[in-house]
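Chemist: One structure follows; several queries about it will come next.
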Amino acid sequence: MEKSNETNGYLDSAQAGPAAGPGAPGTAAGRARRCAGFLRRQALVLLTVSGVLAGAGLGAALRGLSLSRTQVTYLAFPGEMLLRMLRMIILPLVVCSLVSGAASLDASCLGRLGGIAVAYFGLTTLSASALAVALAFIIKPGSGAQTLQSSDLGLEDSGPPPVPKETVDSFLDLARNLFPSNLVVAAFRTYATDYKVVTQNSSSGNVTHEKIPIGTEIEGMNILGLVLFALVLGVALKKLGSEGEDLIRFFNSLNEATMVLVSWIMWYVPVGIMFLVGSKIVEMKDIIVLVTSLGKYIFASILGHVIHGGIVLPLIYFVFTRKNPFRFLLGLLAPFATAFATCSSSATLPSMMKCIEENNGVDKRISRFILPIGATVNMDGAAIFQCVAAVFIAQLNNVELNAGQIFTILVTATASSVGAAGVPAGGVLTIAIILEAIGLPTHDLPLILAVDWIVDRTTTVVNVEGDALGAGILHHLNQKATKKGEQELAEVKVEAIPNCKSEEETSPLVTHQNPAGPVASAPELESKESVL
């Protein structure tokens, strides 16, 4: 407790008296020492933000040199190394953190927190989708852009649009990936449905083409299957009791060692971010044409991210916790800068875990349980730009969306964002699912791909912000439930009535008045019964 003459632990300058000297907090030396301490504590945040700004300046300076594609590849090499290191650490981090987190929580607490997390993810994603559809109808990003061609955007290597997939096959793939047939293969490959067109000639001379779905394996970690397996394994180890303690300690130790590796990698993040941002700016052919051609679509998407990330999510956090959400977000500047540069929720996961535990004091059991799940299934930012893109393409093709199609966009965007990969441009692949669901063509997807490198940055920031605020809400609710349980336990202890008879019989200070007699063995018998 502070004394009356103290403020934040320091003596007031008016009453400091002879204790004030060159090193006192009120002097220039004290202020310099506090400033140096602040810079030392926030060094990683300042370096990361500086890396983003330096990368933008580097890219702007090198654009006039007309670098070849080979030279741009060399320029991006330090950033590529950062992405490889972050992806290398994802597998042990996700599996170990979920196993240790699930094993450290009892079944009732795990079920309660899991239910709250699912409700939070569903609520925020659905609200993000509704906000995006409303903004798209207000701003009308597709009006006046009907004559726009992808070749006009100066992006030669945008590639072909993804093959459209049936909506039912997309959800079946989601279920298949939840239960991988081989855990080792799930670490680097994902199940995906492809199609084979079979031509059949009937006896009447009619030719029919049938599209048959076939199962394939594509490159990419099946994070959904690994998350589910790790959760179930943690619960099973908790169920084993003492027999599973050794394996739980193993996963805890491996998790702590992984976090040490993360802390080392984080010091390379500013360098990698600088070259990632710089190489991407150099790579673009004509940014001015790109922004002016699709400016309304970019504006609608980023405005949706700003409203959802700056108003909706903080408001939800405040309603549940009654705390300042922006003070909570201030401790997460480094993960936000990493998300902005890497465009990957999965690559931001190590940084987010480290900062949310050290800077914001979130319980490790909560953060290591909810953040890996959130990085996989909670995609608020992706839902926003997917809905805006769907309405944008509908307006490009002069299609008036009815109420049924709008409802389909909301539901499909909310559901498909669960299976969206937490990698750069992963959300673009799910736009084809939405377009197929409402009956729109997919030949305009290259326009979305052309500006995805811009929109995907704010998309990833909103994705990881939603995960972080969700962890903060769960931490607050868990603390509240713990305090309530301790208070109820204290009330039970106060109201308990001591057993005076038992205390009298078992106290070594009590001398019985009639120790001898025919009933001398009775106290011994009663004592034995009380032990049993």
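Note: Cβ is positioned from N, Cα and C throughout, glycine not excepted.
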Chemist: Scan 467-499, 500-532 against Swiss-Prot and say which stretch is down as region 'Disordered'.
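Modeler: Of 467-499, 500-532, Swiss-Prot gives region 'Disordered' for 500-532.
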Chemist: From 1-25, 201-225, which range did Swiss-Prot mark with region 'Disordered'?
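Modeler: Per Swiss-Prot, the stretch marked region 'Disordered' is 1-25.
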Chemist: Most CB pairs under 8 Å with the transmembrane segment (328-348): which of 42-62, 88-108, 119-139, 373-393?
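Modeler: The stretch with the most close Cβ contacts to the transmembrane segment (328-348) is 42-62.
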Chemist: Does the transmembrane segment (42-62) reach the transmembrane segment (257-277), going by 3 or more CB pairs under 8 Å (6 or more apart in sequence)?
Modeler: yes
Chemist: Which value does the mean pLDDT take for the topological domain 'Extracellular' (140-216) in this predicted structure?
Modeler: 72
Chemist: Which number gives the other C-beta atoms within 10 angstroms of the C-beta of Asn206 (N-linked glycosylation site), all protein chains shown included?
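Modeler: So the number of other Cβ atoms within 10 Å of Asn206 (N-linked glycosylation site) is 8.
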Chemist: Looking at 88-108, 119-139, 373-393, which one has the highest count of Cβ pairs under 8 angstroms to the transmembrane segment (298-318)?
Modeler: 119-139
Chemist: In the three-state scheme derived from DSSP, which category covers Asn201 (N-linked glycosylation site)?
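Modeler: It is in a strand.
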Chemist: Quick one: find which recorded stretch in 119-139, 257-277, 373-393 has the most Cβ pairs under 8 Å with the transmembrane segment (88-108).
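Modeler: Out of the listed stretches, 257-277 contacts the transmembrane segment (88-108) most.
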Chemist: What are the sequence-distant neighbours of Asn201 (N-linked glycosylation site), meaning same chain, six or more residues apart, C-beta distance under 8 angstroms?
Modeler: Val207
